[in-house]
Protein chains: 2
Amino acid sequence: MSVTAAKGFTAAGIAAGIKESGSPDLALVVNTGPRRAAAGVFTSNRVKAAPVLWSEQVLKGGEVSAVVLNSGGANACTGPKGFQDTHATAEKAADVLGLSAGEIAVASTGLIGVLLPMDKLLPGIETAAGRLSEHGGEKAAIAIKTTDTVHKTAVAEGNDWCVGGMAKGAGMLAPGLATMLVVLTTDADLEAAALDAALRDATRQTFDRVDSDGCMSTNDTVLLLASGASGITPGQSEFAEAVRAVCDDLARQLIGDAEGASKDIRIEVINAATEDDAVEVGRSIARNNLLKCAIHGEDPNWGRVLSAIGTTKAAFEPDQLNVAINDVWVCRYGSVGEDRDLVDMRYREVKITADLAAGAESAVIWANDLTADYVHENSAYSS
Amino acid sequence: MSVTAAKGFTAAGIAAGIKESGSPDLALVVNTGPRRAAAGVFTSNRVKAAPVLWSEQVLKGGEVSAVVLNSGGANACTGPKGFQDTHATAEKAADVLGLSAGEIAVASTGLIGVLLPMDKLLPGIETAAGRLSEHGGEKAAIAIKTTDTVHKTAVAEGNDWCVGGMAKGAGMLAPGLATMLVVLTTDADLEAAALDAALRDATRQTFDRVDSDGCMSTNDTVLLLASGASGITPGQSEFAEAVRAVCDDLARQLIGDAEGASKDIRIEVINAATEDDAVEVGRSIARNNLLKCAIHGEDPNWGRVLSAIGTTKAAFEPDQLNVAINDVWVCRYGSVGEDRDLVDMRYREVKITADLAAGAESAVIWANDLTADYVHENSAYSS
């Protein structure tokens, strides 16, 4: 399962002592080949963590032999010392694994603005390397958790090849290009360019359309590594579909485990003039705090949907807008539609459909409600 | 006080029965002249309430003789019937006051998507007209409250002339041009163009920089009426300063009474390349839910400030950013600065200073924290 579902990969997850709780906090994923092709997508936040700056450079070569991931500290806004620490992390892994640091990607997650305890992290890499296993995917997925209540893995099977992956993320979920830490692996025999095309296409439609709380992280990283160990080169569209399926599965798991959330909100914008319009409107609805509160209270308050649509630049006429909540068209032609009392909102998943009546494009954005638990979880010191 | 501080105005506030609670819900403000010049600024939300569409038309003539305001219903997203109701409201006021409907502005606030009870509202106008008084400003301010816990009024005195005003607003506070319902009056003898210039300048720097919860209303209306009753024509800059002072006072009162808030956050962006950059960055910080939770928890979590800055297009270099919370520079050069434990956040007002080190422009945005009370207040049915 996870990152070791594909042949040609080993992984490990250990407690290095980075987290004071003693929970697992260090993961290692190694590509044992024969191929070491890779692609990556990173946060579009202009304030980027040291490991993002490092890994972006590594990915330019199109090859990654190993990934070091840690929870317990984001190593973001840590200045030159933070970057040196990421460099030292890659050097240590290269040393232990007999590789070059330029092939080692690094990803970190946790509190921003705190230096990592390198006296714990570096020995941890040595320990993790000693525990690498073809069955280590699950442990690696557990070691990258922060406030996640469950670890997240997914696999899509091809014909004698597969794509597997792991993800972490429970807050600060509103990617510009990717979200939180995700490592995907495949034993398909593909070059970096093919991986890159499949990964960008998949993240654009999955992680990029997850908007739990409107807050974009400094550390978002999605990596896709190919070992070629299956000896099979699937067709690009078949491969892209498998990558998209795994990303979609992991993205849904992120929303399902978002901090303090009690509802998963599926926002589908239909009949938009362009796909960009559909995404802009979906994101505006997803980020409306008043609506998020109403959904939490199981109140089909469609006026808040219209007020969110009205702040966008998308093509629409206010008196042509239609809105359904759980398939009840509570707003027709920008005005009162079916009886709001018909809307049943007892279940975790809530569906909002916004019909812009302006074209034929559509998009789905996933969001969460806003709850007192979210406030509590994020108002504690250094959460 | 309030809208009757200026000579040449009468006002009334009554309970017309629009609100089921029986609280005051209808206000009337009448300009008794000799001049009836007016200016208005309205929501930039493209989904506009019927009274906004109506009043925008009225204001084009540059004259307003009376304003009818109601709480208990926004008359937004109510279709052609909603617009007919606004028209009928203006006609009724015109009839009772011996004016023409084209001189009557209308403003409404309350739940979106519900028709107003015209059988209560129209008789209410007659009742209110019978109670118009030069001392009615306070009662008018009370009648426009929705979830406001206190009514809001302000006055700036000139040399034998003054500007007074009232405001309501406690949620959905993130104007594009104005915020919620505000009526300003002056007895200065000025034409509509002078009022318009002063009002636009004032709202741009006050109401437009208040961002309690990132949610833009469909009903935002700010009106400025001049009676000329003082016979004095102040200089434009002197007058503009008085208007700005009243707007600033009222804007601060809105933030101070925002739904569920426990903190007022003053976000000052300094050393920006342009004023637009400063406003964009300030607004991004103001809308970051994770930061708003941290402020609620009295946690000087500056990493969330940097992550919010990083999502903007403003000119800055990440390693040149400095952030102070309550004057403690917790972030220097994009990295760890002074000890966060030095930050005292016990008081209601919290000051965040973001130094972009990119120019000489600045802007102040006011926001609120995000609390469990906000969630509770806005998750109740039809709040």
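Placement of Cβ uses the backbone N, Cα and C atoms for every residue, glycine included.
Bear in mind that TrEMBL entries carry predicted annotations, made automatically and left uncurated.
Copied over from TrEMBL, here are the features:
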ACT_SITE  A:Thr179  active site, nucleophile
BINDING   A:Thr146, A:Lys168, A:Thr179, A:Glu259, A:Asn378, A:Ser383  substrate binding site
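Chain B comes close to none of the binding-site residues A:Thr146, A:Lys168, A:Glu259, judged by a C-beta to C-beta distance under 8 angstroms. Cβ neighbour count for A:Glu259 (substrate binding site) (all protein chains, 10 Å cutoff from its Cβ): 26. Counting other CB atoms no more than 10 Å from each candidate's CB, the binding-site residues A:Thr146, A:Asn378 peak at A:Asn378. The secondary structure of A:Asn378 (substrate binding site), as reduced to three states from DSSP, is helical.
With a cut-off of 8 Å between CB atoms and residues at least 6 apart in sequence, the same chain places A:Ser71, A:Thr109, A:Ala141, A:Ile144, A:Lys145, A:Thr146, A:Asp148, A:His151, A:Lys152, A:Met180, A:Leu181, A:Val182 near A:Lys168 (substrate binding site), listed in sequence order.
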